[in-house]
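K.L.:
Could you have a look at this structure, given as structure tokens, before my questions?
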Amino acid sequence: MNKSRVVVGMSGGVDSSVAALLLKQQGYDVTGLFMKNWEEDDTDEYCSSRQDFLDAASVADILDIPLEVVNFSTEYRERVFNLFLKEYQAGRTPNPDVLCNSEIKFRAFLDHALNLGADWIATGHYAQVHETDGLFQLLKGEDGNKDQSYFLYRLNQQQLSHTIFPIGHLYKREVRKIAREHRLPNSTKKDSTGICFIGERPFREFLNRYLPANPGEIHTLDDQVVGEHLGVMYYTIGQRQGLGIGGTRQGSEQPWFVSGKDIKKNVLYVVQGHDHPALLRSSLTAADLSWISGTPPHQNWVYAAKIRYRQTDAPCAITHFEHDSCQIGFAAPQWGITPGQSVVVYESKVCLGGGVIIGSND
């Protein structure tokens, strides 16, 4: 029997519950940990945190494992949320789940678990860790539709060396089947789709509490005024919904898409048609780079990259490195490259790391 001690981050969802179950079956000394990372506005209307805790507690009781509750709200605000707001103020569209993983789930949580005397932490992420000669690799989850390696690209060797992903080799349907077979109460619970630890509340309404509306004009690329926006920080490149404008006077009924933002002028730029050339770019610049092995990939080798979650891998090459930034060129133009989002580089199933997009080029 394996008596290594592992602390499992239990969110109340089916994935982390089955992760805890599998580790218990494998003989680990398992403790569950429920993270409370958001204090404000914890209302029944928007935040399911209370129900999530009850679900986690119910599963822990069934598995006969202890469940600890830890409040990381201070760390979350300082390490994740403040940067999240700063990026939006600058006109970029950040991915808080990436920061939440690297700073909270695999830093604050890991530090806490190690201080408790644990050997490992575990989560319900669809990803895998592989170790060869002391080098840890992050691999895609076996279920391509659920693979979450994109959100984990900022993890380092120390973090991966203490991490187990118990369901990374499974498909979602198999995870739910295991949960049903063991009569876990959350076997049919729907997946969370909200921002990490902020939940399912309407995003613009939430953001408005911290970044007040600043209305301005919506322009076409030839500076024809076609509408009014609520504040450029509320919109993202490629966005179609919520623009409030119809066809042009020339009669085109193609939908409008956000193609650019000018923070200084407070102007939102739009184009008509999903395949408009202004939405396609052949290369990007990324900064704040993070490579899992500690060493950058080779320049001008053929890799693959994702510029958003669940995107099909796009063949690419890293064409230039400079300080903490790089240029990535794609074999085919990419749609809707968005500053603030992450570009993540892969070699087959291995996630090499990536960076934050700061610009794009034709």
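Cβ coordinates come from backbone N, Cα and C, glycine included.
Marked as ATP binding site by Swiss-Prot on the basis of sequence analysis: Gly9, Met10, Ser11, Gly12, Gly13, Val14, Asp15, Ser16, Met35, Gly124. The active site, nucleophile annotation in Swiss-Prot covers Cys100. The disulfide bond annotation in Swiss-Prot covers Cys100-Cys196. Annotated site 'Interaction with tRNA' per Swiss-Prot: His125, Gln341, in sequence order, evidence recorded as sequence analysis. Here Swiss-Prot flags Cys196 as active site, cysteine persulfide intermediate, drawing on sequence analysis.
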K.L.:
Which one is it: of the recorded positions Gly9, Ser11, Met35, Cys100, whose Cα lies the shortest distance from the Cα of Gln341 (site 'Interaction with tRNA')?
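P.N.:
That would be Cys100, the closest of Gly9, Ser11, Met35, Cys100 to Gln341 (site 'Interaction with tRNA').
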K.L.:
Would you mind pulling the DSSP three-state label for His125 (site 'Interaction with tRNA')?
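P.N.:
The residue in question, His125 (site 'Interaction with tRNA'), is coil (DSSP, three-state).
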K.L.:
Three states by DSSP: which one describes Gly9 (ATP binding site)?
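P.N.:
Looking at the DSSP assignment, Gly9 (ATP binding site) belongs to a strand.
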K.L.:
Identify which of the binding-site residues Gly9, Gly13 has its Cβ surrounded by the largest number of other Cβ atoms within 10 Å, counting every protein chain shown.
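P.N.:
When each Cβ's neighbours within 10 Å are tallied, Gly9 tops the list.
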K.L.:
So, three-state DSSP: helix, strand or coil for Met35 (ATP binding site)?
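P.N.:
Looking at the DSSP assignment, Met35 (ATP binding site) belongs to a strand.
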K.L.:
Non-local Cβ contacts of Ser11 (ATP binding site) (under 8 Å, 6 or more apart, same chain)?
P.N.:
Phe34, Met35, Asp52, Ala56, Gly124, Ser192
K.L.:
Just how many other Cβ atoms lie inside 10 Å of the Cβ on Gln341 (site 'Interaction with tRNA')?
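P.N.:
For Gln341 (site 'Interaction with tRNA'), the count of other Cβ atoms within 10 Å is 23.
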K.L.:
Round to a whole number and give the Cα-to-Cα distance in Å for the pair Gly13 (ATP binding site) and His125 (site 'Interaction with tRNA').
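P.N.:
That comes out at 11 Å between the alpha carbons.
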K.L.:
Using the alpha carbons only, what distance in Å do you get between Asp15 (ATP binding site) and His125 (site 'Interaction with tRNA') once rounded?
P.N.:
7
K.L.:
Long-range same-chain neighbours of His125 (site 'Interaction with tRNA'), Cβ under 8 Å, sequence gap at least 6?
P.N.:
Asp15, Gly141, Gln148, Phe151, Leu152, Phe165, Ile167, Gly168
